[in-house]
Amino acid sequence: MSKMCSSVEIGDSMIYIFLFLILLIIDQYSKFIVDSTLSVGETVPVIDGFFNLTYVQNRGVAFGLFQGKIDIVSILAVIAIGLILFYFCKNFKKISFLERIAYTMIFSGAIGNMIDRLFRAYVVDMLDFRGIWSFIFNFADVWINIGVVLIIVEHIFFNRKKRVK
């Protein structure tokens, strides 16, 4: 990684390394707690009728797509992680602070789910907002989605001036 990110100073990247680790720890710890305390399919109401913790073993990708295709999903995930890391390192000095945060979140979420695929052969999902959403997901998914939204916001609202010039 040091050769690939050789143009990035360690001091410049410490905030992103710290954010990456904090997000990864939150994701992995929440999965560990759910995996060790709940049975598959078990639901614990947190906010009645709105938010539950429900233990699901997802053997596909987001929204339950590609169930049982763990090999293909894992290969695609490794490629995506590599591309994200390459882009982040190559463009670190060119992209904005908001984009750096966004890519760090996406990278952390992708690594969090990849850890599950490698060590469990499934991804632990538990965040269940039945009142408004039919899918059950995890914190890694949250980080990825927030990161994508931040990139979209950056490009729509903050890069307009660059495009107009």
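Note: Cβ is positioned from N, Cα and C throughout, glycine not excepted.
Feature list (source: Swiss-Prot):
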| type | residues | note |
| --- | --- | --- |
| ACT_SITE | Asp125 | active site |
| ACT_SITE | Asp141 | active site |
| TRANSMEM | 6-26 | transmembrane segment |
| TRANSMEM | 68-88 | transmembrane segment |
| TRANSMEM | 95-115 | transmembrane segment |
| TRANSMEM | 132-152 | transmembrane segment |
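When the Cα atoms are compared, Asp141 (active site) and Asp125 (active site) turn out to be 9 Å apart. Distant neighbours of the transmembrane segment (68-88): 1, 4, 59-61, 95, 100, 103-104, 106-107, 110-111, 113-114, 117-118, 121-122; these residues of the same chain sit at least 6 beyond its ends, with a Cβ under 8 Å from one of its Cβ atoms. In three-state terms derived from DSSP, Asp125 (active site) belongs to an extended strand segment.
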